[in-house]
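Report on the structure given below.
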Amino acid sequence: MLSFTGTGVFLTPRNRRMSQAIQKRVVVASAVPEKADAKVSIVNTALPGAVIGFSVVNRVIYRTLLVPMKDYTFFITQFITFAYVAVYGAFLIARWKKGIVTDDMIAVARSKWRTFALIGGLEAISLAVQLYSGARLPGSLLGILSQGILPFTMLCSIVLRGRKYSALQAASIGVIIAGVLVTIYPTFSSLSSTLGVELLVNSALFFMSCGFIALALVLKETALQGENLDIFVVNTSSSFMQMLATIVLMPFSFAVALGGLSLSRSLDYVNSGIRTAVGTEGLRITPYIGLAYMTVNLIMNILGITLIKNMSAVTAMLTSIVTVPIVTLVFCLDLPLLAPQPFTPLFVL
């Protein structure tokens, strides 16, 4: 039996079945983008919460690790950078084999090696400075001082990416800086002049190191959004350069830790640092704390760079604001290896 269509074409039963099958495929195909968009929307909604959660855990483990490794922060820097290169490199190779990462992406990363060298150097300096100064600061101050990354990120975005911010956004940055100063004032005023100066110097170092992180984040954002690179291409490239920069900074790290350069003292320092890191000296649980910190830190960085890729560096930094009162309140608890910090209502303002 023939069927006449509105287009003037006669359909046989066989052709009718083929037409219906094609229509079903078209309907299914049109539904795929909607499902993909819904999935992306869910991921983007969950990302900030995941970043906040892992940031809080990361900050607590970070401060806990600095208790046994206070005098050996150089080793933490080395372990972290080598772990970054190994893990990100493994993910990069796996994604390259699956075709997610293309040869063109790798070629672009190679052509931008100077940018990634700058990113790696900035991250190496900031990590070394924050580990050194953070080991000498109360845990409750770390989250507060880390808010310096937001004004620095906005400043770098204005200079490098030509972004414009409203007067209200600029005022909010002023409020954040004022909040940091008001919150840390009681801590400084309760100390003697000598301890106060030491705390001030370490706080300033920690705060200013946020500028290096901010610049690195904006450069990563430019690479991710400008060149449409995979996140693991960016992370592996910057981490490799960070590892090289850390090696270059090794003499400086030893000079700071030992008060000068000496081959015999450096060898003793390395031996003692390794023994402390593996738990044969000091706390036996040190290597497990270190492993937990590296794991959480890697996950947090992957989530953070994904947030930057899907949104922006400033959006990623805004999520960090939420972590400040949470982290500060957590440090007021009686945590293992950490003395509880005195609570003040200013922490949650």
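Including glycine, each Cβ sits where the backbone N, Cα and C put it.
Positions annotated as transmembrane segment by TrEMBL: 72-94, 115-135, 141-160, 167-188, 200-219, 240-263, 288-308, 315-339.
Listed by sequence, the residues of this chain that lie at least six past the ends of the transmembrane segment (315-339) yet keep a Cβ under 8 A from its Cβ atoms are 48, 51-52, 55-56, 59-60, 63-64, 67-68, 138-140, 142-144, 146-147, 149-150, 153, 176, 214, 217, 283, 304, 307-308, 347-348. 72-94 is the stretch from 72-94, 115-135, 240-263 with the greatest number of Cβ pairs below 8 Å to the transmembrane segment (288-308). Non-local neighbours of the transmembrane segment (115-135) in the same chain are 62-63, 66, 69-70, 73-74, 76-77, 80-81, 109, 142, 202-203, 205-206, 208-210, 212-213, 215-216, 219-220, 223, 234, 237-246, 249, 253, 256; each lies 6+ residues outside the stretch with a CB under 8 Å from one of its CB atoms.
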